[in-house]
Amino acid sequence: MDADLNKLWEKTLNIVKSEMSEVSFNTWIKSCEPISISDTSIKISVPNSFTKDILDKRYKSLVANSIEAVCSKLYDIKFIIESDLNNEDELNSSDNSIKNRNKNSTKNIVVNDEMSSTLNPKYTFNSFVIGNSNRFAHAASLAVAEAPAKAYNPLFIYGGVGLGKTHLMHAIGHYILQNNTKAKVVYVSSEKFTNELINAIKDDKNEEFRKKYRNVDVLLIDDIQFIAGKERTQEEFFHTFNELHDANKQIILSSDRPPKEIPTLEDRLRSRFEWGLIADIQVPDFETRMAILKKKADVENLKVANEVMGYIATKIKSNIRELEGALIRIIAYSSLTNREVTVDLASEALKDIISKKQGKHVTIPSIQEIVANYFNLKIDDLKSQRRTRNVAYPRQIAMYLSRKLTDMSLPKIGEEFGGRDHTTVIHAYEKISENLKSDENLQHTVSDITKKVSQN
């Protein structure tokens with residue numbers, strides 16, 4: 001970038017920043033970089049196609065007008081994806097761009113009557129730590145929050161326990177209310193939705209129930225996978241979804257798996273869940289875990305050495321809740337023993353947690369329990385003589401994993417599955433092994449279940 005273009009861009013950023021929220025600026029503009037200027041146009045590098053799409057639709061005129069304000073000339077702005085510039089595969093943004101925002105920069109949350117009272121004030125975009133594992137889900141959530149029902153509807157966020165799905169959902173609700181205090185925002189878990197429906201049916205208050213969930217601008221439902229298999233709940237939510245979507249109201253859903261992987265979910269709901277955008281959150285990498293710990297220490301005003309946080313990030317890998325919990329445990333242990341926080345002290349404080357994780361042995365009953373829960377079955381179903389596909393296939397997956405993850409003999413595995421012959425176990429193992437070579441859905445299912453087994 002030449003010096004003149006550099007100066008022009010710096011002055012432009014000052015204007016753009018004053019016209020946007022801090023979160024929006026950091027997400028969409030900060031990573032951009034001007035690469036060339038001609039008599040009529042300016043080319044600006046952006047990290048990926050998703051960012052380019054947002055910039056073209058929402059911020060192109062703002063950037064152009066800001067440049068005009070600086071140099072008194074209106075240029076045609078062209079956003080170019082980095083990969084197109086370098087003729088390489090799309091470049092992944094480095095975690096060096098993780099933003100530990102100043103906690104004092106968060107706007108005051110405006111509570112809009114009882115509808116927003118279920119939103120956790122701690123779960124905002126400013127308090128969310130961005131890393132490679134969640135960058136796309138964060139950007140998608142912010143895009144929806146900035147333009148409800150105009151960007152992606154529905155937005156479907158999925159990922160494992162404790163990875164930040166609920167945080168993002170609350171952040172969307174807060175952001176919308178900050179910018180529109182009259183918006184009707186409702187956040188609810190699928191369990192609460194189901195329980196309220198049951199009570200409404202029992203008390204003959206169906207219309208009140210429908211009015212509550214259909215007369216809103218934004219509906220956020222957490223853990224939507226739990227409505228699978230519940231016929232009346234799915235029926236009610238199907239009509240609620242249709243009415244809201246037809247009325248151009250925003251719907252945000254979260255789950256522990258993508259729609260296509262939710263067993264016993266009605267096809268008509270599955271297809272609707274896939275209408276908008278599906279974004280996943282992965283287990284955080286080491287750099288993101290470190291950033292999360294530093295953010296937590298900053299929020300709690302704790303002084304913790306980098307080597308101690310590095311030790312925690314190395315030992316606790318599964319999810320954010322455990323990571324933050326480990327930090328608090330170490331601080332509490334330090335206070336109770338009146339000792340300085342060191343790596344040795346951290347090792348003492350976490351020895352029970354770490355030993356459990358390192359000494360954990362996978363068992364066939366644990367595999368059966370997780371597979372049964374995953375497919376909404378009972379363990380007895382896996383041990384039964386039923387041969388219908390909805391039972392037989394999960395049983396074969398459980399046998400495959402039992403062979404793969406334990407040291408049990410084939411006869412012993414067969415015995416654990418209702419006294420089946422070892423040849424049945426061999427058949428199941430070979431069938432799943434063969435299907436894994438070409439079936440992407442099965443690959444995802446087995447990978448997901450394996451993670452759950454290792455974290456159990």
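Heads up, the Cβ atoms here are built off N, Cα and C, so glycines get one too.
According to Swiss-Prot, the protein has these features:
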- G162, G164, K165, T166: ATP binding site (BINDING)
- 1-73: region 'Domain I, interacts with DnaA modulators' (REGION)
- 73-117: region 'Domain II' (REGION)
- 118-334: region 'Domain III, AAA+ region' (REGION)
- 335-456: region 'Domain IV, binds dsDNA' (REGION)
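Feature annotations (Swiss-Prot) mapped to structure.
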residue: G162; record: ATP binding site; Cβ contacts under 8 Å, 6 or more apart: S318, N319, I320, R321, E322
residue: G164; record: ATP binding site; Cβ contacts under 8 Å, 6 or more apart: F128, N134, A137, I281, I320
residue: K165; record: ATP binding site; Cβ contacts under 8 Å, 6 or more apart: A137, I157, Y158, G159, D222, S254, I281
residue: T166; record: ATP binding site; Cβ contacts under 8 Å, 6 or more apart: Y123, D222, S254
> Tell me, by DSSP, whether T166 (ATP binding site) is helix, strand or coil?
Replying inline: helix
> In the same chain, outside G162, G164, K165, T166, whose C-beta lies within 8 angstroms of the Cβ mean position for the ATP site?
Replying inline: G159, V161, L163, H167, L168, S254, I281, I320
